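Trainee: As listed in Swiss-Prot for this protein:
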| type | residues | note |
| --- | --- | --- |
| ACT_SITE | Asp139 | active site, proton acceptor |
| BINDING | Leu19, Gly20, Ser21, Gly22, Gln23, Phe24, Ala25, Ile26, Val27, Lys42 | ATP binding site |
| MOD_RES | Thr180 | phosphothreonine |
| MOD_RES | Thr225 | phosphothreonine |
| MOD_RES | Thr265 | phosphothreonine |
| MOD_RES | Thr265 | phosphothreonine |
| REGION | 390-448 | region 'Interaction with CDC5L' |
| REGION | 422-436 | region 'Leucine-zipper' |
Amino acid sequence: MSTFRQEDVEDHYEMGEELGSGQFAIVRKCQQKGTGMEYAAKFIKKRRLPSSRRGVSREEIEREVSILREIRHPNIITLHDVFENKTDVVLILELVSGGELFDFLAEKESLTEDEATQFLKQILDGVHYLHSKRIAHFDLKPENIMLLDKHAASPRIKLIDFGIAHRIEAGSEFKNIFGTPEFVAPEIVNYEPLGLEADMWSIGVITYILLSGASPFLGETKQETLTNISAVNYDFDEEYFSSTSELAKDFIRRLLVKDPKRRMTIAQSLEHSWIKVRRREDGARKPERRRLRAARLREYSLKSHSSMPRNTSYASFERFSRVLEDVAAAEQGLRELQRGRRQCRERVCALRAAAEQREARCRDGSAGLGRDLRRLRTELGRTEALRTRAQEEARAALLGAGGLKRRLCRLENRYDALAAQVAAEVQFVRDLVRALEQERLQAECGVR
């Protein structure tokens, strides 16, 4: 963000007469206190709210100041200082007091092509410097081509008003609708990408007017003018160009080309034979024709200043440009929506592909699970069979155990019976033995 001096400009400069005004700017002559140096103070009305159409936005002011601070060329106005207050940004600029070039030429009794090219060469030099820095002026027109001092032997051209100038960045697309309808290029009218080539078209229009005093595309209405520009509807009327050289016409033809890429560049224009050749055979031209051309230029200059208030056409065109800016913003929003839609579609496709891959993996997993399940079922069947067999064997074993138990009980009963019988027999034997013993004893006693 550019920083401007937050001081009262009138503490440093004494303000004088008004030199000119536009839709949102007033230019006043001023004198620096202490040095007595004279400058031009351009008061630019700031836009208070982003949504407002009144005033100039901060971004636009900073862009103009940034460009003016960067450029230093004999044929371009110089920025001296910048102040800011609550309502305005004030540019302290070089004082260009010689008036407009066309007014100066209109005052001349006659005008030769050589004189015209001398001034045009200065315009081309200034534009060449701008284009070397990738800066497009975008508002080249007679009232922005001034003389530093019209009383000098060789008056110096000064290009002024960089309010809509832009840096043309490589790789970035820039579109806008601005400028003065009579001088704008077809790509501006048709809202197409803009570049340095737009300035070259304006130079072609300026040259046409300079040599004829007529405007090539000017219609009865602004819409007719814009239609003529878009269709490149112009010709070299014999009434205006009877004394104009073919080289001059060729120079104009190479500039008034609809396709910007086929239009002559600033470097090519400086190398054009009409600009390079300084001396011409003026004897072949009739002096009265040259006087007539100067008179027509005078008529054009008077008409351009008196037919309507200054910058009215620009104001209307700017309002139209605001509408197109809104349309452009809507188109940009639509493009963003379409881009978002494409991104959503791409995401849906990616999600669908991921889902299909997951489904395929699930199918593969399901097939594996099916195989495992079948294997488990087989194993389970085998286990069930083994369990059934084991149960049957257990039942058989239990049944066998019950039989054995019953046999054991019977054996135990038989054992008990035999034991009782044996015990009785043993007792009998014991009794028998005892009886026999007694008998033996009695027998022995009897013997004695």
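The backbone N, Cα and C atoms fix where each Cβ goes, glycine too.
Computed from a predicted structure; not experimentally measured.
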Trainee: Hey, which of the binding-site residues Leu19, Ala25, Val27 is the loneliest by Cβ count within 10 Å?
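Mentor: With the binding-site residues Leu19, Ala25, Val27, fewest surrounding Cβ atoms within 10 Å: Leu19.
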Trainee: For the region 'Leucine-zipper' (422-436), give me same-chain residues lying six or more residues beyond its boundaries with a C-beta closer than 8 angstroms to one of its C-beta atoms, as numbers and ranges.
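Mentor: Long-range Cβ neighbours of the region 'Leucine-zipper' (422-436): none found.
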Trainee: Write out, in the order they occur in the sequence, the residues of the chain not among Leu19, Gly20, Ser21, Gly22, Gln23, Phe24, Ala25, Ile26, Val27, Lys42 that have a C-beta within 8 Å of the mean position of the C-beta atoms of the recorded ATP site.
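Mentor: Those within range, site residues removed, are Phe43, Ile44.
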Trainee: What counts of helix, strand and coil residues does DSSP assign across the region 'Interaction with CDC5L' (390-448)?
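Mentor: Helix (H, G, I), strand (E, B), coil: 58 helix, 0 strand, 1 coil.
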Trainee: Test of understanding: give the count of other CB atoms lying within 10 angstroms of the CB of Thr180 (phosphothreonine).
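Mentor: Taking all protein chains shown, Thr180 (phosphothreonine) has 22 Cβ neighbours within 10 Å.
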Trainee: When the Cα-Cα distance from Thr180 (phosphothreonine) is computed for each of the binding-site residues Leu19, Ser21, Gln23, Ala25, Val27, which gives the smallest value?
Mentor: Gln23
Trainee: Which ones in the same chain are close to Asp139 (active site, proton acceptor), with CB under 8 Å and 6+ residues apart in sequence?
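Mentor: Correct list: Asp161, Gly163, Ile164, Ala165, Phe178, Gly179, Thr180, Phe183, Ser202.
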Trainee: What mean pLDDT does the predicted model reach across the region 'Interaction with CDC5L' (390-448)?
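Mentor: Mean pLDDT for the region 'Interaction with CDC5L' (390-448): 83.
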Trainee: May I ask you to report the DSSP-based helix, strand or coil state of Ala25 (ATP binding site)?
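Mentor: SS state of Ala25 (ATP binding site) = strand.
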Trainee: Do you know offhand how many angstrom separate Ser21 (ATP binding site) and Thr265 (phosphothreonine) by C-alpha?
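Mentor: So the Cα of Thr265 (phosphothreonine) lies 32 Å away from that of Ser21 (ATP binding site).
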Trainee: Using a Cβ-Cβ cut-off under 8 angstroms and a sequence gap of six or more, which residues of the chain neighbour Thr265 (phosphothreonine)?
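Mentor: Spatial neighbours, sequence-distant, of Thr265 (phosphothreonine): His131, Leu196, Glu197, Met200.
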Trainee: Please find, for Leu19, Gly20, Ser21, Gly22, Gln23, Phe24, Ala25, Ile26, Val27, Lys42 as listed binding ATP, the greatest distance between any two Cα atoms, in Å.
Mentor: 14
Trainee: Where does Leu19 (ATP binding site) sit in DSSP terms: helix, strand, or coil?
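Mentor: The residue in question, Leu19 (ATP binding site), is strand (DSSP, three-state).
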Trainee: Mind checking which of Ser21, Thr225 has the fewest other CB atoms within 10 A of its CB? They're the recorded positions.
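Mentor: Each of the recorded positions Ser21, Thr225 was scored by Cβ atoms within 10 Å; lowest is Ser21.
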